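Annotated features in Swiss-Prot:
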type	residues	note
BINDING	Cys57, Cys94, Cys128	[4Fe-4S] cluster 1 binding site
BINDING	Cys202, Cys206, Cys209	[4Fe-4S] cluster 2 binding site
COMPBIAS	18-28	compositional bias 'Low complexity'
DOMAIN	48-165	domain 'MTTase N-terminal'
DOMAIN	188-430	domain 'Radical SAM core'
DOMAIN	433-496	domain 'TRAM'
REGION	1-48	region 'Disordered'
Amino acid sequence: MTGTSNIPTHGKEHKDAPALLPLPAPNTHHTHAAHPGDPSHDRHPSRGKLFIKTHGCQMNEYDSAKMADVLTTTEALELTDNPEEADIILINTCSIREKAQEKVFSQLGRWRALKTNGRDVIIGVGGCVASQEGETIVKRAPYVDLVFGPQTLHRLPDMIRARREQNRPQVDISFPEIEKFDHLPTPRAEGPSAFVSIMEGCSKYCSFCVVPYTRGEEVSRPFEDVLTEIAHLATQGVREINLLGQNVNAYRGAMDPGPSNNTNPAPPPYADLGLLIRAIAQFESIGRIRFTTSHPLEFSDSLVEAYRDVPQLANHLHLPVQSGSDRILSAMKRGYTALEFKSKIRKLRAVRPDISISSDFIIGFPGESDTDFQKTMQLIKDIGFDQSFSFIYSRRPGTPASNLEDHTPDEIKRTRLEHLQKHINAYAADISKRMIGTVQTVLVEGPSKKNPNELTGKTENMRPVNFPGHPRLIGQFIDVHITEALTNSLRGRVHTN
């Protein structure tokens, strides 16, 4: 297997996705608060300003957006990008790496001065560091007022009120499963692409990872609830849906059994990711579907069939492999071999020959030898990965891997990482260059940040494209002729037949 066939092409032919279920009406969403755009919300003047800083993954970005929705709706707060003028300051944290965790306390130290000038500023810490550290955060930084986990962000209004009434810090890092989604305001679109969380947590317990301990085990949102949220977003002009989960392809959403008889058999008790993708594809206005992040163990034949049958499913897959060495994969408790990983990619490319594959790699895992690293490099050559997130192993307290002996010098780890990144960057650059002259379907997201007179969007394989165009194209899928490949983006022009 090689990576020489993964240049995306325009006009893929796939079978039509089968009809599935009646789509939900948008007004069935569970909510306990008015939408910020509703007249009932507009009657309330702003009661202060809210600043949110986000560290980490796309799940955290999604959660931060929901924090903003909750507090701008229920508390009539106004968002600001300046913490010095905020009445409530929240930091949504990541604990996947040690440096990310220390950054949190450095940031909190800088905000401490904002509470010394007589202003009643509330500082809150959410996310995975909050789940991991809990009340230790308040002990280390006693000026922190709120500590809340990813599953309790919907309780922020109550926590803020309790903090003001009781004049003491509030800590809630419990795991109330999927409760938070029933208490969030109506989803609010901010552009033509939107994230939708379909599950929380992870039950794989990889030896290096803190996610099961900070976000809990896997819990999937009910099938109809996910479709209802997407229905709301579709009415607001969203054209692309990004499905989120720590282990998104382990999705098992409960389905409403409904009436059944001999001629109308009951649906299965749950929907997997493949079935969910097919259902989303029934929304006429949704032109592209993505999902992240996946686990190779859960990359099923059902998902391969969705790639075969659903043209709206983007021609790109991010599938973290972490290592090409079976010995290291076993120590990581990943549950698969390099050969099994390649077999899954082979099945996928049988139905999508030009799909681009990106991945994650951990370099310098305890005990990694030169031979182990060379097996990783061979896997990279065999697959032809297009882009990666690659890091030197970071020891996380409380994980099984933290007890493993590590005798590899840091200098060797850095050299290996640079070598790996150099090769993957070369593969990615080659793919970008081979896209010159092709026509790509691009979702126009808005004005280019580098040149406001141009537009920007993304190809199916996640490459930003900048091109001249009229603002009326924003929010539409258009064909773009690629004219130039730069280091981190492409340039093009609107394609006309």
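Cβ coordinates come from backbone N, Cα and C, glycine included.
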- Note on the structure: Per the 10 Å Cα distance test against Cys57 ([4Fe-4S] cluster 1 binding site), the binding-site residues Cys202, Cys206, Cys209 reduce to none
- Task: Mind telling me which of the binding-site residues Cys57, Cys128, Cys202, Cys206, Cys209 has the densest Cβ neighbourhood, counting other Cβ atoms within 10 Å?
- Result: Cys128
- Note on the structure: For Cys94 ([4Fe-4S] cluster 1 binding site), the same-chain residues 6+ apart in sequence with C-beta under 8 angstroms from its C-beta are His55, Gly56, Cys57, Asn60, Ala100, Gln101, Gly127, Cys128, Val129
- Task: On the DSSP side of things, how many residues of the domain 'TRAM' (433-496) fall into helix, strand and coil, could you say?
- Result: 5 helix, 33 strand, 26 coil
- May I have the list of same-chain residues other than Cys202, Cys206, Cys209 whose Cβ is within 8 Å of the Cβ centroid of the recorded [4Fe-4S] cluster 2 site, in sequence order? Lys204, Tyr205, Phe208, Val210, Val211, Pro212, Gln246, Asn247
- Relative to the mean position of the Cβ atoms of Cys57, Cys94, Cys128, the recorded [4Fe-4S] cluster 1 site, which additional same-chain residues have Cβ within 8 Å? His55, Gly56, Met59, Asn60, Thr93, Ser95, Ile96, Ala100, Gly127, Thr214
